[in-house]
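**Student:** Let me begin by handing over the structure; questions about it come next.
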Amino acid sequence: MKIYYEDSLPYAAEFFAGLGDSQVFSHKDVNGELVADADVLLVRSTTKVNAELLKANQNIKYVGTATAGTNHLDKEYLRSRGLDIHSAAGCNAVAVAEYVLSALFVMAEKLDWQLTTKTVGIVGAGHVGTRLTEKLTALGIRYHLCDPPLADAGDTRDFVDMDTIMQCDIISLHVPLIEGGQYNTGHMFDAKRIGQLRKDQLLINACRGEVIDNKALLKSFESGYKLNVVLDVWENEPDIDQALVPYIALATAHIAGHTVEGKARGTEMLYQQVCEQFGFNATKKLSDYLPAPQPSIITLDETLSGQAQLSALVLSVYDIRKDSKQFKETIEQPDQFRYIRKNYSIRREFAALSVNTGNYSGSEAIYALGFNRK
């Protein structure tokens, strides 16, 4: 069996060794001729899988993406070939939720907010939105959920409408890109909805760039409209509108889900799917390959308490300001968006770390965030 995998899949060589003849490729070089004899094709969002790529391949039996999103897969074409759509839905949900927490604590400091007095409106209650609700609950932060497709499908959680979301202090977007139809999310935040935002609100987009009309957002800023916006995703990536960048409070290069665990978990999920489809025993686990974080134990600063303590802890693991600073200072360089994503620094999830809480009274909140006890 011929297995071709993109070079950006962490630990793919280790996971797929022994399942067949494994070949690695770069998204920059991949073409139909290169993968013409592939039985299994494993990609990330940088490789578009369509008729052009697979027209010369008569062997393909499995196509999988080690990402939660599938917009780079031509689903109609793959189904016409009798191929299911395989993805790693939820693989980076924890990572994105922790990215949002970092943004919240940074913006709370900037805006002099006590987060427990604020309400977060979460649009999209799938994998990421659900993980975010768990983190917010641990911190005692109120939230509302809006997800019409899930509500209509019978999900029994307490959902609100977008009018209610627009009244929240913080709005965090976690929807898939759906263009057209009843549940359209393309330009969900168009000029009209952007115009409804208040200067004392915070808007976070860590899902798909096209969910916010970037041209309308830029026009609002240029007209003097004051908004607090955090963007990890942009329209027309990687060729984004650089004129928008200086106006964004925290700006990053679509890396919210790029923890070591988040990316590698996608590879593990594809490994499990391939084993199931082809009758192999899935004996390998992500924990077999993940390195121990350095340091692996965090000791709380006993001079801090409350939000300051939690903020210091979260930002010691991941401080979004560093990524935003690099992004803003270098994005004008050629192909920098891709470069940042490709060469992203090591970032670990809370669950990889243990915390020595000492006599801190809020230790249960820390463990509920996902940290381990020391």
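Glycine too: its Cβ is placed from the backbone N, Cα and C atoms.
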**Student:** The NAD(+) site in Swiss-Prot lists Asp147, Asp232. Which one of Gly154, Gly224, Gly257, Gly262 belongs there according to the record?
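**Tutor:** The candidate from Gly154, Gly224, Gly257, Gly262 that Swiss-Prot ties to NAD(+) along with Asp147, Asp232 is Gly257.
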**Student:** Using Cβ atoms only, which residues of the same chain lie under 8 Å from His254 (active site, proton donor) while being at least 6 residues apart in sequence?
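**Tutor:** Sequence-distant Cβ neighbours: Gly209, Asp232, Val233, Trp234, Glu237, Phe337, Arg341.
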**Student:** Find, for the listed binding-site residues Ser45, Thr67, the residue with the lowest Cβ contact count at a 10 Å cut-off, counting only other Cβ atoms.
**Tutor:** Ser45
**Student:** In Å, how long is the longest CA to CA span across Asp147, Asp232, Gly257, which the record gives as the NAD(+) binders?
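**Tutor:** Output for NAD(+) binders Asp147, Asp232, Gly257: max Cα distance 21 Å.
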**Student:** If you count the C-beta atoms lying within 10 Å of each candidate's C-beta, which of the recorded positions Asp147, Asp232, Glu237 ends up with the smallest number?
**Tutor:** Glu237
**Student:** Give me the non-local Cβ neighbours of Gly257 (NAD(+) binding site): same chain, 6+ apart in sequence, Cβ-Cβ under 8 Å, ordered along the sequence.
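**Tutor:** The list for Gly257 (NAD(+) binding site) reads Ala68, Cys91, Asn92, Ala93, Ala95, Val96, Tyr99, Lys263, given in order along the sequence.
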**Student:** Measuring Cα to Cα, how many angstrom lie between Asp147 (NAD(+) binding site) and Arg208 (active site)?
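**Tutor:** So the alpha carbons of Asp147 (NAD(+) binding site) and Arg208 (active site) sit roughly 16 Å from each other.
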